[in-house]
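*Asks:* Pasting in a structure now, in structure tokens, and then I'll have a few things to ask.
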Amino acid sequence: MLKIFEKIFGSKHDKDIKKIQPVIQRINELQLSFQSLSDDGLKEMGLQLRSTARGALRPLEEKKQELLSKLSTPDIPLEEADRINDELDTLSEEYEKATVSVLEEILPDTFALVKDTCRRLKGHVYTVMGHDMTWDMVPYDVQLIGGMVLHSGRISEMATGEGKTLVSTLPIFLNALTGRGVHVVTVNDYLAQRDKEWMTPVFEYHGLSVGVILNTMHPFERREQYRCDITYGTNNEFGFDYLRDNMAGSVEEMVQRDFYFAIVDEVDSVLIDEARTPLIISGPVPNADNSKFQEIKPWIDQLVRNQQQLVASYLTDAEKILKTKPGDFDAGLALLRVKRGQPKNSRFIKMLSQQGLAKLVQGTENEFLKDNASRMHEVDDELFYAVDEKAGTIDLTDKGRDFLSRLSHQDSDIFLLPDVGSEIAIIESNASLSAAEKVKQKDAVYRLFADRSERLHNISQLLKAFSLFERDDEYVVQDGKVMIVDEFTGRILPGRRYSDGLHQAIEAKENVRIEGETQTMATITIQNFFRLYKKLAGMTGTAETEASEFYEIYKLDVVVIPTNRPIVRKDMDDLVYKTRREKYNAVVEKVEELQKKGQPVLVGTASVEVSETLSRMLRGKRIAHSVLNAKQHDREAEIVAAAGQKGAVTIATNMAGRGTDIKLGSGVRELGGLFILGSERHESRRIDRQLRGRAGRQGDPGESVFFVSLEDELMRLFGSERVISVMDRLGHEEGDVIEHTMITKSIERAQKKVEEQNFAIRKRLLEYDDVLNQQRDVIYTRRKNGLQKERLTSDIFDLLRDYCDMVVKKYEKAFDPEELEERLLRELSVEFRPESGLFDREGAKGIADKLYETALAFYSRKEKEIPEEIMGQIEKYAVLSVIDKKWREHLREIDSLREGINLRAYGQKDPLLEYKQEAFRLFVVLLQEIELETLSLAFKLFPVNPDEAREIEARQKKEALRQEKLVAQHQAAESIYQHIEESGTSNADNAGDNGPQTVIAEKKPGRNDLCPCGSGKKYKNCHGQQP
């Protein structure tokens, strides 16, 4: 129905392009007129446009500086400060409107200027990443359209080879004229450096400065790069610099400016694929015990082996029953226990390809899932532990607990959590206990709960490491280290770590050195970081399938830009086989056929393991080929460059999907162009589209097809029953293949199901983080205020006034002069001894006023004794150190709250609502503690004598060394959104790792580690070289 309407009225994309066409015509007319100008004349035109843009904004900038100057006056009244802040808010809105207005006015001239600059640069030879490059690019009309879409704050979807990098220069140039700074976000350091060097000639021709932020840069270098008109960098670098700026000890340490305009390259990768993993700065946990996994690993090792033997016996039982009674319920139950006990068992996966068995297992599972899975325990009780592969959770059964207690020679109760509420109630009701004894017994209960919950958590993580994470799939082991493989790109993520003890569990499993734990010090999600920008835009080859998410989360519209030349690539229906073995044999046969013909083929794989399996099979057939995966990625540029040559065979993980351009060799067009052969479907349609997009660039011929088997991960977990039943009905023999549009559509529906589930995770992540985001804004605003002011005396006095009122109010009902005197001496070092009867004579307000005057007099004496500069440092230290310390503690409490909040679903409560209420209560307490401790420190802190100063300096150096060990963490939201769809069901307590695990990016790689820039070289031979 929708397609009929589009044919009659035109699609949304057609209408978007139609609106832009008149401006494109105007740009081309202007560019023709600019051709008559001399080079100096064109540069003069650029200066005029810059002058127009900055001239329109200058009066508002001057007004802002004037207001900020008034606001920084030391003793400005509170009412005046509020009025100025309101005026600044209004001015900010006017400033944004003025920016939009002036840029719309000069857009046609600026785009025409950039186009003519590109024309004049043709033939210009310069260096990009150490290689000579000749400029040969002038924007086409479709690229001008893409540039206008980006400038308007939307997403421009452009096919591979359509020149997205050149398109970006148009809106970058236009917005850089304001002097407010434009950020260009790429997926790795290598692309940031390459794109900066590649496009710099256009910008420098007109005097615009261009910078790049790289992982290895020091803060002073970063500050210089951010001061440029245009700054390239990765989303991680921009995000971590934001967090580091909000941990800075002085204004001079801050590196970033305001967030004005960001253009995100490969926007779907950055804003969607990585949006499940927040950015986190973390530091080492003091006194962390890393031996706990080594202690329990032998038990888990034995437990897993016993489970494997048990599963094997169930498989044998099922086979026996099926020989005489096909479709028998007992056989289905035995196979269901195998699925719950060891879902990745190869013998089980092979059995499922037999006619009717997949349907039997599904039917049996549905029977036990009825009534909120109330009977599923009948299946699981016979196992040592139950695995829910789809949700990523593992649950230890009573049988498993008994086995572990016998193995560890301990009571099985140690694997059960005590009911803290009931235990505390019993202690409270015991009249024979004194208050001190009650406190002691309560502490013992809390300690017992903490010890047991930690042990159970470690057991769960080790079981996950053994059952759900496979070497050469989710991770590889290199140089004695566990290295995570990015599921979307197939690249190794140097220095990143899973969180929540999972990485340590995998290290224990692989018998490598177990690294230390970390704790969160600052965090922000990708979504909330990019919301800081006044204007956001993005470009990619694959955004349309996620258009609704882009709009709902970021308010970004997607516009599909027409190609310069029609795409003639042939996309064929999927070829479906029963087993992986049949599929791999068919892949090898197809590759052999294509190589004999001379047509180059790119075989896309989803994991390192599959790429190596296919490579072994091709070697067996003596077919020459290249392999590009996380283990061999150091030859990436060389392999990709040769992939389009005649007879080339290239096996690649998803690495070859982005940032690569495969050009065809001579004679290849006549053979049909590059052949894309996908060895399985990815869970995201976008990744498959990226792979197909490697062929058919700029009107080149090409072909693409996916080979799929029912044993593939996607089909096993989410495959439609319809596909299985069709295979069964047709009674296919071994090696037979199904090729039908209906099958392809069923597979795409399975992918859509996964995408919807992942969207739910990201949306839930945002709902939870929005709570923390509001709190973060308040804390960072207070911190910035403390950082920028020379003196904070008026802020201290405001806190003092509130403190005096609060303290006196507490003693209003039961006035205790001695306790009040002791408290003031302890908290402020102020002596204040109220006489008896003072409360009756003066009342609460009178006493509060006297207390305020006494404390004020104390502070005034302190100000006279201490030089003003030192006094300013004391106030600043009091504010910043307390905020930093308390915010770290608050983040730890919020993490703990998130971990257990889904259990509230048992009480028929909405976990999100409960989380909001609890987080607000914690935040109110946080603000009260910050105010009290800041005031206390400002009053009690005095300069030290020279000996003490030297001791403090030594401590500060030690602290500085500790700070250097800070690690930047890219953390997945697993602990918050455990089992999102089922948080209200009986599985809520199994809160799972639905979605990616937490990842931690360490601050600096080792000399022999892979360089994080993506070049493929070792760090010591790349960005780690000494200057």
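Just so you know, glycine gets a Cβ as well, placed from its N, Cα and C.
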*Asks:* Please state which member of Gln143, Gln645 Swiss-Prot lists alongside Gly161, Glu162, Gly163, Lys164, Thr165, Asp661 for binding ATP.
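*Replies:* Looking through Gln143, Gln645, the residue Swiss-Prot assigns to the ATP site is Gln143.
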*Asks:* List nothing but the one residue from Gly161, Gly163 whose Cβ has the fewest other Cβ atoms within 10 Å; the candidates are the binding-site residues.
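*Replies:* Sparsest of the binding-site residues Gly161, Gly163 by Cβ contacts within 10 Å: Gly163.
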*Asks:* Any idea which of the binding-site residues Gln143, Thr165 has the thinnest Cβ neighbourhood at 10 Å?
*Replies:* Thr165
*Asks:* If you take the centroid of the Cβ atoms of Gln143, Gly161, Glu162, Gly163, Lys164, Thr165, Asp661, the listed ATP site, which other residues of that chain have their Cβ within 8 Å of it?
*Replies:* Met158, Thr160, Leu166, Val167
*Asks:* Please report the three-state DSSP label of Thr165 (ATP binding site).
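*Replies:* In the DSSP reduction, Thr165 (ATP binding site) maps to helix.
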*Asks:* Are there any residues at least 6 positions away along the chain from Lys164 (ATP binding site) with a Cβ closer than 8 Å to its Cβ? List them or say none.
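*Replies:* Those within reach of Lys164 (ATP binding site), by Cβ under 8 Å and sequence separation of 6 or more, are Gly146, Ser156, Met158, Asp265, Met539, Thr540, Gly541.
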*Asks:* Let me know the largest Cα to Cα distance in Å among the ATP-binding residues Gln143, Gly161, Glu162, Gly163, Lys164, Thr165, Asp661, as an integer.
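*Replies:* Comparing all Cα pairs, the maximum is 18 Å.
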*Asks:* Counting Cβ atoms within 10 Å across all protein chains shown, which of the binding-site residues Glu162, Asp661 comes out on top?
*Replies:* Glu162
